[in-house]
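The following features are taken from Swiss-Prot:
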type     : residues : note
TOPO_DOM : 1-21     : topological domain 'Cytoplasmic'
TRANSMEM : 22-42    : transmembrane segment
TOPO_DOM : 43-149   : topological domain 'Extracellular'
CARBOHYD : Asn71    : N-linked glycosylation site
TRANSMEM : 150-170  : transmembrane segment
TOPO_DOM : 171-176  : topological domain 'Cytoplasmic'
TRANSMEM : 177-197  : transmembrane segment
TOPO_DOM : 198-206  : topological domain 'Extracellular'
TRANSMEM : 207-229  : transmembrane segment
TOPO_DOM : 230-237  : topological domain 'Cytoplasmic'
TRANSMEM : 238-258  : transmembrane segment
TOPO_DOM : 259-262  : topological domain 'Extracellular'
TRANSMEM : 263-283  : transmembrane segment
MOTIF    : 283-287  : motif 'Proline-rich sequence'
TOPO_DOM : 284-347  : topological domain 'Cytoplasmic'
MOD_RES  : Ser333   : phosphoserine
TRANSMEM : 348-368  : transmembrane segment
TOPO_DOM : 369-374  : topological domain 'Extracellular'
TRANSMEM : 375-395  : transmembrane segment
TOPO_DOM : 396-402  : topological domain 'Cytoplasmic'
TRANSMEM : 403-423  : transmembrane segment
TOPO_DOM : 424-431  : topological domain 'Extracellular'
TRANSMEM : 432-452  : transmembrane segment
TOPO_DOM : 453-464  : topological domain 'Cytoplasmic'
TRANSMEM : 465-485  : transmembrane segment
TOPO_DOM : 486-492  : topological domain 'Extracellular'
TRANSMEM : 493-513  : transmembrane segment
TOPO_DOM : 514-554  : topological domain 'Cytoplasmic'
Amino acid sequence: MPTVDDVLEQVGEFGWFQKRTFLFLCLISAILAPIYLGIVFLGFTPDHRCRSPGVDELSQRCGWSPEEELNYTVPGLGATDGAFVRQCMRYEVDWNQSSLGCVDPLASLAPNRSHLPLGPCQHGWVYDTPGSSIVTEFNLVCADAWKVDLFQSCVNLGFFLGSLGVGYIADRFGRKLCLLLTTLINAVSGVLTAVAPDYTSMLLFRLLQGLVSKGSWMSGYTLITEFVGSGYRRTVAILYQVAFSVGLVALSGVAYAIPNWRWLQLTVSLPTFLCLFYYWCVPESPRWLLSQKRNTDAVKIMDNIAQKNGKLPPADLKMLSLDEDVTEKLSPSLADLFRTPNLRKHTFILMFLWFTCSVLYQGLILHMGATGGNVYLDFFYSSLVEFPAAFVILVTIDRVGRIYPMAASNLAAGVASVILIFVPQDLHWLTIVLSCVGRMGATIVLQMICLVNAELYPTFVRNLGVMVCSALCDVGGIITPFMVFRLMEVWQPLPLIVFGVLGLLAGGMTLLLPETKGVALPETIEDAENLRRKAKPKESKIYLQVQTSELKGP
């Protein structure tokens, strides 16, 4: 009986139907970009100072320039460690009193300004920006600055929680239904975020968007890889992730054109509604239909693929079946990932690598956005490096292998982070170059580890292994905003030190993994244990006691 791959070899592994469907689904990948990294613009924190009643009137009466107003009324100017004082403290002075002159008005109150009492901001802040962000609208600065971190962490928390439930929905009710449902919720929650009346409701809508957006991306990823033949699956998977990079590049331009965070959020959310047209444009996965014993529907879709590709369907198409062993199946458990020495080692290393690449990727972007410069151009330049990163993967993955390029990329990200510590502020171009090098390294690792993770586990625990290890990616995303912004308050280079240590450790630990280039996917525990060495004699094979499907109810 022919399998889906057998039929695709005859009707086209990547014909007109697959190309059209791929382009449709790439919109889902691009839409994830502003959800994942839109915080750079939505949560942009401009320079700010306390609003003091009477200062505007005095400045207008005296005809001060903006520089003179700052010099006369804001504490902490010129001090190397005066950022907090300048942005979060104010002189406890009544600026409405008539005795204040126009030239150094505070001189009449104290011979030295350092003797004047300071107090926290009580009347809001003045922001030096023509646009708006969630920071300027909800005053998320000083004591409330951590709320910006929480805003971003909620997205990653949603990714973490949603990927578990959405995966079940996709397997139980179908890829297409899961894609449409998550897309609808994603679009609605994005619009609700844009019109949220307060910080709390905005946070809840953002969490809801995180719960479904990554699941929507994963559903699109699964659909397109199940529509193409095995020879194109890896390339299509990488190019699907390139669409995410296209979304990042577009985001920098849209954010520049729309400096108001509410209109920006609305603009990047509305295109998601277009994906609802997938109901008519994208069919269900024939592989999933076969797994649900809906063979007639699967045959109709394969026949449609043949027609769209201009090919004749095979004569035995009606006998289409899944290419899988229908005999006894093993039921994996979490303990199986740690039960044997090599599986245990691989699991711990992969979990650390997923965590590290998430911290480096997101952390370098957030750090660059928080350290001055033109945030739009900096984000644009660093997004462009993701395209050569994809090219490097396509060129090296079957020529050089997986492990050495991945280790080198981790090391490059770590070294670039360490060098950034010593770059003077006036060499901003060098800061951008090093940030781009680090981001390129993290991008390569983030895309390659998906493949390596699957290739190191035996068949019956492969999906579980990928799910458990990749969950650390979302855990890294949850803590990264706090790691970047709060550590910068302690000492600005401190996040870069953490990034450097993580990158160097990850580079070394990657070399402890076996190379999987040209190696068949392990089917058994013994295969996974012996990836580095020749098979042992039969009597020394490792067996695991696992449950079988017979032990479960119908």
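Placed from the backbone N, Cα and C atoms, the Cβ positions cover glycine too.
Only residues 6 or more beyond the boundaries of the motif 'Proline-rich sequence' (283-287), in the same chain, are considered here, and those with a CB under 8 A from a CB of the stretch are 4, 174-176, 222-223, 226-227, 297-298, 301-302, 304, 320, 322. By the Cβ criterion (under 8 Å, sequence separation of 6 or more), the transmembrane segment (432-452) is not in contact with the transmembrane segment (22-42), since fewer than 3 such pairs are found. Between the C-alpha atoms of Asn71 (N-linked glycosylation site) and the residue listed as 'phosphoserine', the distance comes to 65 Å. The highest tally of CB pairs under 8 A with the transmembrane segment (348-368), across 238-258, 403-423, 465-485, is held by 465-485.
Across the topological domain 'Cytoplasmic' (230-237), DSSP classifies residues as 5 helix, 0 strand, 3 coil. As a quick check, the transmembrane segment (403-423) and the transmembrane segment (238-258) miss the bar of 3 or more Cβ pairs under 8 A, pairs 6 or more apart, so the two do not touch.
When Cβ-Cβ distances under 8 Å to the transmembrane segment (238-258) are tallied for each of 22-42, 150-170, 207-229, 375-395, 493-513, the top count falls to 22-42. The residue listed as 'phosphoserine' falls within neither a helix nor a strand when secondary structure is assigned with DSSP, and so counts as coil. Long-range contacts of the topological domain 'Cytoplasmic' (1-21) within the same chain: residues 223-224, 226-232, 236, 281-282, 286-287, 290, 298, 302, 304-306, 308-314, 316-317, 319-323, each at least 6 residues beyond the stretch ends and with a Cβ under 8 Å from a Cβ of the stretch.
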